[in-house]
Amino acid sequence: MLSQQQLAKLAQQIKTWGKALGFAQIGICDTDLSTEEGKLQTWLDNGYHGEMNYMAAHGMMRARPNELHPGTTRVISARMDYLPPEAGFATNLSDSNLAYISRYAGGRDYHKMIRNRLKKLGQQIEAELIELGFASPNFRPFVDSAPILERPLADKAGLGWTGKHSLLLNQDAGSWFFLGELLIDVPLPVDIPIQEECNTCVACIKSCPTNAIVEPYVVDGRRCISYLTIELQGAIPDEFRALIGNRIYGCDDCQLVCPVNSQAPITQENDFHTRDILKQPQLTTLFAWSEAEFLSYTEGSAIRRIGHKRWLRNIAVALGNAPHSPAIIDALLKRRSSEEVDEMVVEHIDWALTQQQSSCAAISRKTARVIRAVEKGLPRDA
Ligand code: B12
Ligand code: SF4
Ligand code: SF4
């Protein structure tokens, strides 16, 4: 059995090793998320998960890390910054002929990379314990896809507070970071949660293009552009198409207007830098990619997972929202008669053609406000 002193030293070492592995911060918490169970159940009962059946599939295991990985007594929670340099948010959102891709997705897929680093952290802990003459710990890394409530765990581990947009944010780092965790059976000392500091601000709630933040801290997934463009398999409901603007993969608006993000750090990971081909890309260029080109240009990126059809579906909506242009109409018609479309894509193309013909495209008032907030609040527009 490790003494309290040895555990405290090990916790300190874990934080140092975590930094050396590229994590911006590491925190430690116990496995008790009983306060979250009711809130998660209400969220599911309201149907806010939409088609994300995986959110309901594992019962309350999501809130019980020790059921997910038996024997777990502590969660080592880690965050890694992903904000790429030269993100150019305002330029991108203000030109409706350009495609906007969430800034977390322009580089390499984070899942595998973060999981591997967490595994290395586990191996370092293992080596240290063996060196001290103890048995190997039982550990398992998780990132995103596993049934676990990552944000509440990171909140408990003191990595930040839960903002009204439901993401974790931190006074020094803002919210542009991924979360991952190592579940382990070593009774390390736990960290202290941070006090919430949103105070009276409601900027994220007011700026969400689709009113997806239905009350402070609660996102109706079905309304979120991230869900509509990434998770949803079928047709995008009509009521959201115009509101999506030029966002073809995810959305960053609730983070863009957040004052805590004004000085957020740029990522240290070259892997998260936006690929050249995805920097301020023209909608028509991306729409012309064949399936083979799509697969090749998005290799190793999270974008690849939506597949070519949904890629075309999303871009068709954005083209419908772009200013009237014969070149766009040509691109839509050409794509419509290609062999790479199905009924769903054709229906979105037809919607886009109708929008183009009515030439009513204009940047929404909300998006204009987000752009102004970025221009004023992010001095370097990242
Ligand atoms: C499902 C999911 C989504 C869904 C649903 C979003 C959601 N808010 O639930 C969709 C597809 C919409 C989505 C979008 C995005 N996601 Co997402 N998503 C997840 C995932 C897989 C599960 C989240 C979850 O458990 N939701 C269930 C609900 C019930 O949880 P919750 O929103 O935290 O709800 C809690 C609050 O409502 C709270 N609550 C209720 N009332 C009150 C009152 C008070 C006072 C308080 C404090 C709390 C509170 O209690 C609930 C239960 O704990 C996690 C990874 C993971 N495994 O955890 C990533 C994750 C949350 N997503 C992430 C990211 C980056 C995004 C996007 C920014 C991506 C993008 N740019 O497009 C957007 C942001 C949208 C937003 N504002 O949330 C990151 C967040 C990192 C961070 N800094 O917090 C995560 C952690 C992935 C990761 N590993 O890094 N996501
Ligand atoms: S990501 Fe966009 S659509 Fe989703 S909650 Fe934030 S602002 Fe709203
Ligand atoms: S925009 Fe305001 S309310 Fe929303 S998370 Fe940031 S500080 Fe909190």
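Yeah, the Cβs are placed from backbone N, Cα and C, and that goes for glycine too.
Among the candidates C29, C258, the residue that TrEMBL annotates alongside C198, C201, C204 as binding [4Fe-4S] cluster 1 is C258.
Taken residue by residue with DSSP, C204 ([4Fe-4S] cluster 1 binding site) is part of a helix. Among the binding-site residues listed (L168, C208, C224, S226, C254), C208, C224, S226, C254 have a CB atom closer than 6 Å to some atom of ligand 2, in sequence order. Summarising the cob(II)alamin site geometry, the residues cited as binding it (R62, D144, T162, L168, L179, S226, C251, D252) extend over a maximum Cα to Cα distance of 25 Å. Within the same chain, residues 4, 7-8, 10-11, 14, 27-30, 43, 48, 74, 76, 155-166, 170-171, 224-225, 228, 240, 243-245, 247, 251, 253-260, 364, 366-367, 369-370, 373 sit at least 6 positions outside the domain '4Fe-4S ferredoxin-type' (188-218) and bring their C-beta atoms closer than 8 Å to a C-beta of that stretch. For the domain '4Fe-4S ferredoxin-type' (188-218), the model gives a mean pLDDT of 96.
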